[in-house]
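Look at TrEMBL and you will find 30, 86, 87, 88, 128, 142, 143, 221, 222 tagged as substrate binding site. Taken from TrEMBL, the feature phosphoserine covers 34. Taken from TrEMBL, the feature Fe cation binding site applies to 99, 124, 125, 195, 221, 254.
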């Protein structure tokens, strides 16, 4: 197990390239049809939709959910995201730590009494540290979806990105329910491997105290076919339906706070460190 020592902030290497006045209307977000970044985005999803299989997901769970690789405090993990630009995101081309504070501050303004919700906004993408630890981005970022059953039409690039996925042709996996029972609950569904599931497992492993609603936001915030399109409801149980509005509420802040107006991170750090100390303190195992 390695202890991570964080070096100097590399984000300044990205910031001079930011475009100004980049505030969007809501309809402008998640444009997967055109834009400056669309080739990069499609290539990331094509790799994801080729290689995210039942076998691959089982392999990644086996390797990573024992949390035996690294030791790192949560704030250091957040700031490490300054080394990462998400190759699946059509909306932003600046490091992820800024998006973390943007999301958290949007939630804090709207929900001042739910401090755990503010923290969830801050840390929700921290599982993307996997991309800094030699895991390819197609296995870290982007929208998630169940493996082991039929891929639904609302998945990004559904029509032209799954042709080389072996599970697509496997009769055990390509039916509506696949390997699952009706209304089995999302907890029993194998999601494509990525930063959502990884951070959820890290928090569980380290016995954090974020409420179940917050853990659901972390685990399923990238599951757009479910929370934004209503697919995969045949796999949901009553708990999933009860938690879904929380995930949808979170999604508004995750998506619509993405602008190039970057927050004053140094000014915000003390408040968010106090939340880390309350809900997921100390050096965590990853």
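Cβ coordinates are placed from backbone N, Cα and C, and glycine is handled just like the others.
Note that TrEMBL annotation is computational and uncurated.
Cα separation, residue 254 (Fe cation binding site) to residue 222 (substrate binding site), rounded: 10 Å.
Take the mean position of the Cβ atoms of 99, 124, 125, 195, 221, 254, the recorded Fe cation site; other residues of that chain with a Cβ within 8 Å of it are 100, 103, 128, 196, 218, 222. When the binding-site residues 87, 128, 143, 222 are compared by Cα distance to residue 195 (Fe cation binding site), the shortest distance belongs to 128. There are 27 other Cβ atoms within 10 Å of the Cβ belonging to residue 195 (Fe cation binding site).
Between the listed binding-site residues, namely 87, 124, 128, 222, the fewest other CB atoms within 10 angstroms of a CB are found at 87. When the binding-site residues 87, 143, 222 are ranked by how far their Cα is from the Cα of residue 125 (Fe cation binding site), 222 comes first. Distances between the Cα of residue 143 (substrate binding site) and those of the binding-site residues 99, 124, 221 are shortest for 221.
Rounded to the nearest whole angstrom, the C-alpha distance between residue 221 (Fe cation binding site) and residue 128 (substrate binding site) is 13. For residue 99 (Fe cation binding site), other Cβ atoms within 10 Å of its Cβ number 24. Of the binding-site residues 125, 254, 125 has the largest number of other Cβ atoms within 10 Å of its own Cβ.
Cβ neighbours within 10 Å of residue 221 (Fe cation binding site), excluding its own Cβ and spanning all shown chains: 25. Separation of the C-alpha atoms of residue 124 (Fe cation binding site) and residue 222 (substrate binding site): 10 Å, rounded to the nearest whole number. On the backbone, the CA of residue 99 (Fe cation binding site) and the CA of residue 87 (substrate binding site) stand 14 Å apart.
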